[in-house]
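Reviewing the structure listed below.
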Amino acid sequence: MANDLSYETALPLHLAEPPQPSKPRRDPWLVGAAWFFPLFFIFSLWQLNFDYSQLAHGTGKMFQLFAQMFPPSLVDWRPVLEAALQSLQVALVGTAIGVAVAAVFGFLAAVNLFPRLGLLIKGVAAFVRTIPTLVWALMFIVAVGMGPVPGILAIATHAGASLIKMFSQSIEEVDEGVHEAIKATGAGKLQIVFQGFLPCVITYFISWSVFRLEADIGESAILGVVGAGGIGYQISNNMRSYLLPETCFAALVVFVLVFSVELLSNWYKNKMNLK
């Protein structure tokens, strides 16, 4: 009778049939988002009265505008270059102030060093960086007047708040063993910071600062449009006066400036990676 048993019946019951794979459960939030965003996109096009014919007509006018901008005019090259230098200075000084502020508050915002204070500083920094740099520039223009100073303050404020987040995250990713080892020697907070954490994060601090400088150079050019100094002010005036070839030259100067800083940044990053 044993020979009459089939292979399947000879196996234990839990091995007779392979278990069926369970179907993955659909996350209701993901399903809702998959429906919400396309529908909201369509609704936005309708709500904003998006006119495709206007877009097609405007595209033709943009090509005409670009055609009138060439060749670039070098008649007023000196004021443009001076304004470009001012934009670079605004970005450099503003970023440097932001880095200095973030270097201090970044450690205070690290929850592995200062749990309660860290949460408070992170909350304030999050609020500050939600306000765009352009809005900060407008507020500082009201406070201190037009010129490069409000641009510097605006960049420093937003850069500092953004870098606080980056710096504190880098500090929190340091191995806890470093903290415990130095703490076991009886070191105080300052010794723990300077001898334990700072050597581990200094490279990240420099990389984040260089990255922020790249962004702030572009920001400084835009801030000039609202009267915060720099080459953006030259571009705005030329556009209002319909001096298109002069505007083209100023735009090319901005491109060269930003591209040069990006090349230097990439060179520095590659050099750091080689080390």
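Glycine is no exception: its Cβ is also placed from the backbone N, Cα and C atoms.
Keep in mind that what you see is a predicted model, and the values were worked out from it rather than measured.
Record features, source TrEMBL:
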type	residues	note
DOMAIN	84-265	domain 'ABC transmembrane type-1'
TRANSMEM	29-48	transmembrane segment
TRANSMEM	90-114	transmembrane segment
TRANSMEM	134-156	transmembrane segment
TRANSMEM	192-211	transmembrane segment
TRANSMEM	217-236	transmembrane segment
TRANSMEM	248-268	transmembrane segment
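Contact between the transmembrane segment (217-236) and the transmembrane segment (29-48) is not supported: fewer than 3 Cβ pairs lie under 8 Å, counting only residues 6 or more apart in sequence. Here the transmembrane segment (90-114) lies next to the transmembrane segment (192-211) in space: the count of CB pairs under 8 Å, restricted to residues six or more apart, reaches at least 3.
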